[in-house]
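Novice: Pasting a structure here, questions to come.
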């Protein structure tokens, strides 16, 4: 009872501070109340445990929301006085938190990190650019609606990952004692638990721990162990190869702290900050340097075979924290590389029997673009029997890094790396192949099959024909530097907006107007935000983007007009579509977001990349006045059918629409899809308007949009195509000015 009474007192204080705008104090007392409630729950012997757990969770969620709100405000305000006050509030909160952990706050600690850490010039607002070199083609600041979306999807698998901003370059990395992540140790997988002994810091198993051994990371050193994240480790490999080949810090640039040369450095205080691209924006992930160690002193996570090197294990830990722990359900390299680099993901399924699949064009793309540094590539196997896998030397449903692509005297070859650093291809051009390796080919590739056979490091050559036979999909991640301009919009799509299936009606789907300039390419990337591990595991949401040549106007029917680019609904968080602009091409498009069987509210980011300036904006709803008829029906005599049946058509229901001024209007009719339906609107007092109809009768849904309709009275007659078809119907009227609706018959 003591804990419960004290928690109640603190909760009352929190609410009072919250009400008066003292949000920093409110967050502190909410957390303290939640902590005491947790203690009360442990000691509870009555039936109040569930109620107390709910209250504790509500307090934690409110504290999290306040914390993120402070973060946004501090990052975006330009008022130095406000910034100073916010900084002091944040400092006080940090002091309180450290006092609670028994750590005395130390303003400055004189160790090597402090003098070498990079500085930041001042706060900059969160904005729409995903890469520093890209020009934002539109307003840079986010709307309040977009901030709400980013706030809602900052909480991923019970932890907060706020957007990464310039103020984060001033993150504190120095402590009086080794840093321990307040979110607690990561959940281990069952395989890890079987061998787990302890969490160990680098100093416990390395004589001279370093973040990176040498000037650049080495992709050969990456080794996956018992964590089921082959796609992530393959992604690390291709990113590391890019760094070494192009002398560009693609992957290690996301690790903090960094020195004044912006090179990541080992932190003896044990705290690291990783910048990962999550849910539409780069986000901040804080970890400590403790790693899972087995009973025989072995690391139970991915690691570098270069002794003392830590970057692989730390990056994996940061990603596993986001994913809910080391008990990782598996991913694909499109997702993983986008998280690590922000490069544009594209999935290319290997379908040799599909008429649209062009293997020659695919190989030429890989050959040209990989060597130019335009793309990162991995390739994955599909399902295969154990016998087939053993014979081929491949692992089923497994990701491989593509290290090299060569065309030599007509031979099309790829060099791959298994993230396990062992188990290699056993077919054509493997080290076991005694037929295809000629002295000239070995010399050209600097490869000796005999030497390779002595040591299995998981790296092998394979011909492209075997890739097409044994592999299932290529994952390409494109360099944003291929483009000059970008823009994005963060939105939510409510589960209750529109029908579950949009096979007849897409008028309620989110729609956007894309207006382009010049020729070239525009790539559209749709990213669904994921905040829950189960969602990531099951991945039952199928999304796509449809592109219409409709001059940026709202589209209501999925196939009228036919889509310019029809999207395939896939259960991946990313969907990419490409628009090629030619001299005679349309320049205004309507983009429609679509789901298969929409059951849940989703949050998403729509981002465009282009070689020329463009404009991307949400198509607004111009109708502010809405009237609905929800009790309409065709029954008995009133089921009169269409005008092809003049004897009974006049028996159909009729409604009167009165416009008090000229207005834009939209009317839609819905009924069960087994009925072909339509309606006609005619002026009751202005013959110049005449009559207009929805055209051909359609299954279950028709709509008519009219602009600048004069004031006056209009009659609307809904009907089925055939008479005597009894059914209920809904009739919805929308207008830009006030309207009146009444039933005539």
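Yeah, the Cβs are placed from backbone N, Cα and C, and that goes for glycine too.
According to TrEMBL, the protein has these features:
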type	residues	note
DOMAIN	178-480	domain 'Calpain catalytic'
ACT_SITE	230	active site
ACT_SITE	398	active site
ACT_SITE	418	active site
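How about a rundown of where these features are and what they're close to?
Specialist: Every protein chain considered, the tally of other Cβ atoms within 10 Å of the Cβ of residue 230 (active site) stands at 26.
Remark: residue 398 (active site) has 230, 380, 381, 418 as non-local neighbours, by Cβ distance under 8 Å and separation of at least 6 in sequence.
In this structure, residue 418 (active site) belongs to neither helix nor strand by DSSP; it is coil.
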Novice: Give me the count of other Cβ atoms within 10 A of the Cβ belonging to residue 418 (active site).
Specialist: 26
